[in-house]
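Undergrad: When I checked Swiss-Prot for this same protein, it listed these features:
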- Cys348: active site, S-methylcysteine intermediate (ACT_SITE)
- Gly174, Glu175, Ser206, Ser229, Leu230, His231, Asn305: S-adenosyl-L-methionine binding site (BINDING)
- Cys117-Cys348: disulfide bond (DISULFID)
- 110-343: domain 'Radical SAM core' (DOMAIN)
Amino acid sequence: MAKEALPSIYDYTLDELKEILKPSFRAKQVYNWLYKKYASSYDEMKNLPKELVEDLKENYPIDIMQIVKKEQSRDGSIKYLFKLRDNHTVEAVLLLMKDKKIDEDGQIVRSEKYTVCISSQVGCKVGCSFCLTAKGGFVRNLTVGEYIAQIVNIKRDNDIAENKALNIVYMGMGEPLDNFDNFTKAVEIFSELDGLAISRRRQTVSTSGIATKIKKLGEKDLQIQLAISLHAVDDELRSELIPMNKAYNIASIIQAVKAFPVDTRKKVMFEYLVIKDKNDSIEAAKKLVSLLNGIQAKVNLIYFNPYPGTSYQRPQEKDMLKFKDFLNQKGVICTIRESKGLDISAACGQLKEKEANGNS
């Protein structure tokens, strides 16, 4: 079998590795090197016998993803372009947030909080009219290992301590629920205590609204957070923005969300990309309040981030504030997402497009 076709070491849960590697305690040693020390080669794994190292090199590739380009924003955000074994590329973004907590002495402690937005597919089938990723069409699903390697590469590149809290958002290139089996297995591997130990409650899946898959995800009860890319309050506009809405309309999505098991401490996030003169009116806000009636919801308003060639425009700040204030007055928790990476190619597909066009 060609090396590029072999499963990666990152494709396996700890229990699966215990079945493969003998004696089974070797699996935990390998996991420790992969996810606690972020080893980039088997030669670094000094407590493994030479025969095992050679077997791992031959049959379980570790170097499945390379950083080919990255851009750092003034706000600390970093956009990554990764090259895969078949030379396709995907993007991920490290978002750096400022966190403020009160310690046991009542003192304010300031720290940094990390969120990583990762991709699920090379390209995308959904074809959203506002998204640059759609321009390239769909190529393939990411493997389980390619999900995992995005986080490992970013933690290694930024020397993020193994015990540093980190949030994962499945909101990069592609539709995660269209890659259901690989996505859900990645959730499992990310959360393994002997591995990266990223709590499932720190993982959020963002979907364009495949109602049947939302139902299926709810039945698995993975205890992850759900975010819906809604972006419109009527089917006509949503079908323009997200053509898949013709198959899964707003009513079917809302029905699936109402059946989704939600942690009582959390809410279902509804992402609403605000586009000037498209969906930024108070009339739209009124319809949104009505749609979300009976749902434990939070609305996250997002400024449209323009890219070359799009006809859509960024909304005015005053209209965003009016929209937010109206929802809050009606009892719907609403925030405006802090824009990150405005001075870099932070929107999905932008860095990939720049690299393809040979731009620096």
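Cβ atoms here come from the backbone N, Cα and C positions, even for glycine.
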Undergrad: Using other CB atoms within 10 angstroms as the count, which residue among the recorded positions Cys117, Leu230 scores least?
TA: Cys117
Undergrad: Excluding near sequence neighbours, so keeping only residues 6 or more apart in the same chain, what lies with its CB under 8 A of Ser206 (S-adenosyl-L-methionine binding site)?
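TA: Those within reach of Ser206 (S-adenosyl-L-methionine binding site), by Cβ under 8 Å and sequence separation of 6 or more, are Val169, Tyr170, Met171, Pro176, Ala227, Ile228, Ser229, Met269, Glu271.
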Undergrad: Could you give the Cα-Cα distance between Asn305 (S-adenosyl-L-methionine binding site) and Cys117 (disulfide bond), in whole Å?
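TA: Between the Cα atoms of Asn305 (S-adenosyl-L-methionine binding site) and Cys117 (disulfide bond), the distance comes to 16 Å.
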Undergrad: In the predicted model, what is the mean pLDDT computed over the domain 'Radical SAM core' (110-343)?
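TA: Over the domain 'Radical SAM core' (110-343), the predicted model scores a mean pLDDT of 94.
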Undergrad: Among the binding-site residues listed here, Ser229, Asn305, which has the most company in the form of other Cβ atoms within 10 Å of its Cβ?
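TA: Answer returned by the neighbour count: Ser229.
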Undergrad: Give the maximum pairwise CA distance in Å, whole number, for the residues Gly174, Glu175, Ser206, Ser229, Leu230, His231, Asn305 listed as binding S-adenosyl-L-methionine.
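TA: For the residues that bind S-adenosyl-L-methionine, the greatest Cα distance is 19 Å.
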Undergrad: Might you list, by sequence position, any residue in that chain lying six or more from Glu175 (S-adenosyl-L-methionine binding site) with a Cβ less than 8 Å away from its Cβ?
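TA: Sequence-distant Cβ neighbours: Ser120, Gln121, Cys124, Lys125, Val126, Thr207, Ser208, Ile210.
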Undergrad: Give me the non-local Cβ neighbours of His231 (S-adenosyl-L-methionine binding site): same chain, 6+ apart in sequence, Cβ-Cβ under 8 Å, ordered along the sequence.
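TA: His231 (S-adenosyl-L-methionine binding site) has long-range Cβ partners Phe130, Arg238, Leu241, Ile242, Glu271, Tyr272, Leu273, Asn279.
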